[in-house]
């Protein structure tokens, strides 16, 4: 399939999604995942962070279980602050580069910059924090009160 055809198909799909009652999927998760891979040099799959501790993944409550979980809570809080400014963090696309294994935001202003900064800071934090396998897929009802 030609790139132009893919662009048209993507445009139609996004238009249909916006017109439907189906809630939109987070569009920037792909970018955030790539930032994580940039920062951790591909040492750990992005999905390893999707269900970690009390804050990595959807939602979050209680006390973070470790340093990595604190990174996720800080990321959630950063998205919350961006939301207070009228941004939609999970839907905001931004410009960034991986420079010497460091996520670097190119977006200069507004929601794009705010959300990019949230994601870049979290990706760098993830790369520095130890990953404890026993905190993956924990029972959040018991451990995150």
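Every residue, even glycine, has its Cβ placed from backbone N, Cα and C.
Swiss-Prot annotates 55, 57, 59 as Ca(2+)-binding residues; of 76, 77, the candidate listed for that same site is 76.
Looking at 57, 59, the binding-site residues in this record, the fewest other C-beta atoms within 10 angstroms of the C-beta turn up around 59. Put simply, residue 55 (Ca(2+) binding site) is 19 Å from residue 116 (disulfide bond) when counted between their Cα atoms.
Each of the disulfide-bonded residues 72, 78, 111, 116, 144 was assessed for Cβ neighbours inside 10 Å, and the highest tally belongs to 116. Ranking the disulfide-bonded residues 38, 87, 98, 118, 125 by how many Cβ atoms sit within 10 Å of each one's Cβ puts 118 at the top.
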